[in-house]
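Database features (Swiss-Prot):
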BINDING   13, 14, 15, 125, 165, 192, 293  UDP-N-acetyl-alpha-D-glucosamine binding site
């Protein structure tokens, strides 16, 4: 029997790449071949993909960036990417093509549309990204990570949840150690691209905590490269035990060990936090398209597993108060952890696998 081929296309952020990685792991176990099409930014996240994943980089571009000349070159680059991908697909025909969003997914989805191949998209957020918005009515279905998801008329949406990596599933529902008079871990995540506002506000908020609480904290803080030195220096000057990095390869482990997570509310972060089950303070990105990061928080916040602070209300004083409220109330923190866990969809990958297999079977002669 011929080995089936899944072609995945994903843009260059962790929010797109991590669900693709989870699907790759599962489909390889099912005996499928798996190809990943991404751009140089996305290639930074491929170190965690199974080694059997066939990875190619494509020509694409982001419409929103650059001056007039740069923007004038976008369409030719994307057209070249679609043409190149169509040639590859003719030589090595995928059984299913799935896009996870981001401009680098345009060549694969565009070529699959031209060739009439079975195709679908996975949308991680409660509001469709620009690329997924364009293709939502041109694919068989939209697998949705958050429900409800705003979909255009004519699009077929199915709730599957957001797939999480094997390293997250290994820690699914890991026992929560409530805060107390002993070393506690606090994880600060700005999403795969970091977040300057967290680097501006969080260190000061931690420094403003009572010394009786602050002395127990061990902070892991993800920051942009340009912010690393000043953030690390601030923690050092304040006598706070902190590790500052641009990217933590062991985020699932750090979430599991944390008494509290402070994070942006990208879809992958929300999925990881809820599947493992940890209290969180979430600060949605104010400029996120369609305010999708606020939409992503609804399930966790309404269940009582998270505290949401809009960027407009974020300052050191208010954040310090919320941190203290969680870390000085062991019973309340434990309830938050259980509530977060109740919102997780640990079988999201299996649900997405089922949709891929269904689409493949529907298209079979």
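Cβ coordinates are placed from backbone N, Cα and C, and glycine is handled just like the others.
Note that the structure is predicted; figures quoted are calculated from it, not measured.
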If I restrict to non-local contacts, at least six residues apart, and a C-beta distance under 8 angstroms, what lies near residue 293 (UDP-N-acetyl-alpha-D-glucosamine binding site) in its own chain?
125, 264, 265, 266, 284, 285
Which residue, of the binding-site residues 14, 15, has its CB surrounded by the fewest other CB atoms within 10 A?
14
Please compare the binding-site residues 13, 125 by how many other CB atoms fall within 10 Å of each one's CB, and tell me which has the fewest.
13
Which number gives the other C-beta atoms within 10 angstroms of the C-beta of residue 165 (UDP-N-acetyl-alpha-D-glucosamine binding site), all protein chains shown included?
23
Three states by DSSP: which one describes residue 15 (UDP-N-acetyl-alpha-D-glucosamine binding site)?
helix
